[in-house]
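Visitor: These came from TrEMBL, pasted as-is:
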type	residues	note
DOMAIN	78-496	domain 'UDENN'
REGION	568-597	region 'Disordered'
COMPBIAS	585-597	compositional bias 'Basic and acidic residues'
REGION	824-851	region 'Disordered'
COMPBIAS	838-851	compositional bias 'Polar residues'
REPEAT	954-993	repeat 'WD'
REPEAT	994-1034	repeat 'WD'
REPEAT	1079-1118	repeat 'WD'
REPEAT	1119-1151	repeat 'WD'
Amino acid sequence: MDKALNQYTTISISTNDVLEGMAKLKQLPLHLRRNPPKFISNECSYHALAPRFRSREGKMGRIFEYFVVCGLGPEMRTLDGDLGFHGLETHYLPSLLDQFPPSDHSLYPPPPPQLPTCVLPAGVAFHSSGFVSSDPANFPRSYPIVLTEGDGSKIFVSCIAFRDRVCEDITEAYRLPPNTYADKCICIVSHAPNFRALRDSLEEIFVLCFSTEGSCKPLWETIAYMVSNVPLPTPGKDRVLFAVENCLLSVEAPPEDTLPQADISLQPLVQCLDVDNLIKLFTSVLVERRILLRSNKYSLLTLVSEAICHLIYPFRWLQVYIPLLFFSGVDYIDAPTPYMMGLHSDVDTSYLATGGVVVVDLESNQITTSEEIPPIPEPEFSSLRNDILKLLHPNVVGIDQLRGFGNSVEQCPKSLSKPWGEDHDLQLRVIFLKFFASILGGYRNFIENGVFSPDAFLKRRSRSTNQPPEPMLVQFLDSLAFHDYIERRLSSDENSTNLLEKLQDAVGRGQDAMSILPKSSMEPEIITIAEPEVEVSATRYTYDRFPANVRSEEQEEKRKQILAAASGALESNGRHPPSSPAGKNTKEDSLSSRERAAERDRMVLDIKVKLQGLWLRLLKLGSTEDPLSSFEYGTILALIESDAEGIGGSGFIECIREHLKNSGWDGGLTEEQFIAVKELLKMAIGRAASRNDLSTVQDALEVSAEMFKKDANNVSDYVQRHLISIPIWEELRFWEGYFEYLMKQPANESVNYATLVTARLIIVASHMAGLGLPDTEAWNMIETIAEKQELGFKLLIKLRGFLSHVQQLRVGYWGASSFKQQSISSGLPSPRPKANASDETQQPAEASGRSWVQSMFSRDTASRANSFSRVRKWVSDNASSDITAAAQKKIQTNVRVLKGHSGAVTALHSVTRREVHDLVGDREDAGFFISGSTDCLVKIWDPSLRGSELRATLKGHTGTVRAISSDRAKIVSGSDDRSVIVWDKQTTQLLEELKGHDGQVSCVKMLSGERVLTASHDGTIKMWDVRTDMCVSTVGRCSSAILSFEYDDSTGILAAAGRDTLANIWDIRSGSGKQMHKLKGHTKWIRSIRMVEDTLITGSDDWTARVWSVSRGSCKAVLACHAGPVQSVEYSTFDKGIITGSADGLLRFWENDDGGIKCVKNITLHSSSILSINAGENWLGIGAADNSMSLFHRPSNAGTKVSGWQLYRVPQRTAAVVRCVASDLERKRICSGGRNGVLRLWDATINI
């Protein structure tokens, strides 16, 4: 092939010689004639693209990179991902059938893996006939598409879609009717934006294939020669002539110092949209809105998208760009970041949240959006509008002017009175360039030391116009496109060819705008691609279908195996193909390794692109906006939470690292941003640690040490200091891994090994001190690493002194209190709590962000809706049979929103009907809920008082309320302020304040006999006598914070667990607290515990739950089927079954079977962490962190097995972040407390 690249010859001939050669085209049939087009330069410049088009040996690259055929492959798969044939009315995913160069070619990268899906956006449909001249609907269609690579470069593809006869082997294998036709697409792929050359070449290949006269050589030989031998022309110097059979074609590239190449006509844009709508679309692009183009013509979507990109020159659209979106990707419209997409009009988008999307209907000349588009300021708007009208309607604009008088001739040039051509395209582009020259006049004066000052520029403009800063201009100056232009402008490459500044200078001198464009009088040098000599033969090659290329033996064998498997599947199901699948294989199971890798790469790229935009927008939130309630925060959090492979978390941290490294950002955050970033990093690190993804944790550790806020004393408070609650910092293996990572970094070769080890350990010590690790723990780990490296005692002393010094500095300013008391599962409230912001109906940001994440990246296809009339609804593969269909029928909407807290709800307690008898009597609907919040308040809610549920507010705590309990007369609450307060339930008066804990109180329980049992992060469990306000005894001690406990008052057995990974059991009947057992087995924090009689169940962050014998102190079983931390466990006394809930959203039911415990039922109803499981005799209440709730019922005929639980009802779901859930099974009520301070109360017994 490299030899073929050098077969062209360079000759010096005049343009007249070329025209004589072109005249020979008149001798060809009419359908084969072509006019040699004139081409202009590329937007990216051929100079920049040249390296991409050179082979490894450095030889000149080709204009055509690939010729590809896409259509129905041997392995059929519906658009839903179902494997096999599912009827002639179903649409199927297209496959890559043939390509040249072949897939094993090493000089050039392979075609994009998503190419087949993009070139046939609607999929492959079956047809009973091919081309019918009387039916235009089945005519072949020619259209261009543009794909975007990960680095932002564009791939240009010319396509021809047509109906072609299905191959006989596929017809036989799938029992298709004879002479069945299916959609097929041939396309040419290139990185050069020569749309006309791509289209003309492809059309000649298509005509040559189906011509009745045939071709003189096999079609794939013609394709191979064309793809292999047509080189890129040198900008402004060459014109390449080549032939396809008897048709002569040409391509050229003019100089680099002119406007970027626009090898398309801008006429479709001005024909589809009137002047006002054109300007409105143009403005939407400048302020980087989400833009959706709609049309029933593929070509129109691509041409309009490319046209508007050329009109914003010298700026570039750097956001998501998909001019032609494939139908099954319609969920991309929910993306939160700016995008420009084109979608066929037949695709239904009514079920999607399109608020804020600028929808441009090209067929009806309409633009709709729910958010106002800021207008272009005057006088630029009037000038732009008038210039466009003069170009489009010169006779109308100048109808009152006297011809030949003044400058009327100049205003309406005669050259533009002819039909639309390249001159019109050029004039329109210069008009928009003049707009930028005007509105950005003098911008160069505000660039100092390589930084543009938008504030100073806006102030100067405001003084000159006597108007405040225009919103459109403010948003434009803050756009990614403008920042990118400034960066390019400051580089030496852009200064010499900056047409915007040339135009500003020309206007200042009174020159015409067109004068800035180069006028070259040089004739291009002709490069002729000479075809090899072909012996004259009477043989002509004709085809009744587009021929397949020669396959290798391996490819042919693989094809036969696939078809044999398909035929065997049909045989097993009967002679005739099924109209609907008898069974279903998931898409991931049958994809090849390359396809799986390509799909994952696409997912990674998509997530990272969205995260980059979300991160930058999060940092731009105004001082009056609450980041924790913002769309950006909610979406980033959902990306991190919902991604099992860690793409969301690692991508978010990578965005921060790149921003710190490349943009010059110093890491400074506002108070509001600081809280949001801290919570997001906690979540990302926690998820990465659970996957053992230490590299992501290491990156997060480093970026957290660079981001800060200024405190009241103007001292930098770094995010890192607030991450101490994450348990991985206490693990030696992490710091050993981080040390090894540092040792692999480049270092000065002259430094000896011991000095290098010391320097790396100083970095480790700095991070340990920055986190706030206790001095002793930090030194023990550093000493262990140093001893393994055989570091001398002098260097050890140096390290010890450094660590002590840093620790003293930290303690001297921040104090000695341990920040490890912060729970990883609890975030801080917004620094600006607003009462009116707590209503769930006022929180579209987080909800829509999560909805978009689930629809775009979730592998559970049940979250996707029907997006095309022939695309069947996607159904979840792993949902339980009693959930999917039944759940839809059981959804009810009787959910009340209770507002009163101004901070996140952190504690919820359900008061039973028996406990409130003294207050409300024997009422059927009796039963209270008590809530605690970060606003330090305790509130009592009476669900029976509709509209005025808030019964009382209890004030007394000075810290976040973490735990609540009650009996018939009293309420007890524990707080981060280390106090326990006892309240009178009837009078709501504060009775006692119990103080004695040295850490935040995590658990409280009201006992009989005026006793209170409390547990704290100081590792102690205390028994209090309310009557004497005294601590009776410290009945239990743990080595670390206690997160949960259980107490049986009838036996005096106490069980507690927490961060030390041990479950401790005491017998406290003696009052002193005799320890019975220390249960070892878990490797991470124990978050939940449940004790019934002699059975103890624990749930841990190590993704397992364990069942223990209380009396023997032994482990009876390990329940290890979850894919995340087990956050809640429950024991069902009626059937002696166990129910576990995890951060993976999965609910599992376990029961004893033949001496062991096995999982008998999985529920996938929830999509986030299960926070609460409450089981009664006949009812089971579930609450999850995604604000979803469910109620299960055990029918009388269900037997005594735990699998007998059946879904009773679920409420209508509203997306929000939930901290805690409580259930009142007697009244069939479930209540959730959200991060936004809202309680959501569901009455499952009432239908609305």
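Placement of Cβ uses the backbone N, Cα and C atoms for every residue, glycine included.
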Visitor: Apart from its near flanks, which chain residues at least 6 from the ends of the repeat 'WD' (1119-1151) lie with a Cβ under 8 angstroms of it?
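Guide: For the repeat 'WD' (1119-1151), the list is 644, 690, 1084, 1087-1090, 1092, 1095, 1097-1107, 1157-1175, 1177-1178, 1180, 1182, 1184, 1186, 1194, 1200-1205.
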Visitor: In the same chain, which residue numbers or ranges, 6 or more beyond the ends of the repeat 'WD' (994-1034), come under 8 angstroms Cβ to Cβ?
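Guide: Distal contacts: 820-821, 959-960, 962-967, 970-982, 1040-1045, 1047, 1049, 1054, 1056, 1058, 1060, 1068, 1071-1073.
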Visitor: Just to be sure I understand, if DSSP states are collapsed into helix, strand and coil, how many residues of the repeat 'WD' (994-1034) fall in each?
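Guide: Once the DSSP states are binned, the repeat 'WD' (994-1034) shows 0 helix, 26 strand, 15 coil.
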Visitor: Per DSSP, what is the residue count of the repeat 'WD' (954-993) in each of helix, strand and coil?
Guide: 0 helix, 24 strand, 16 coil
Visitor: Calculate the per-residue pLDDT averaged over the domain 'UDENN' (78-496) and state the result as an integer.
Guide: 85
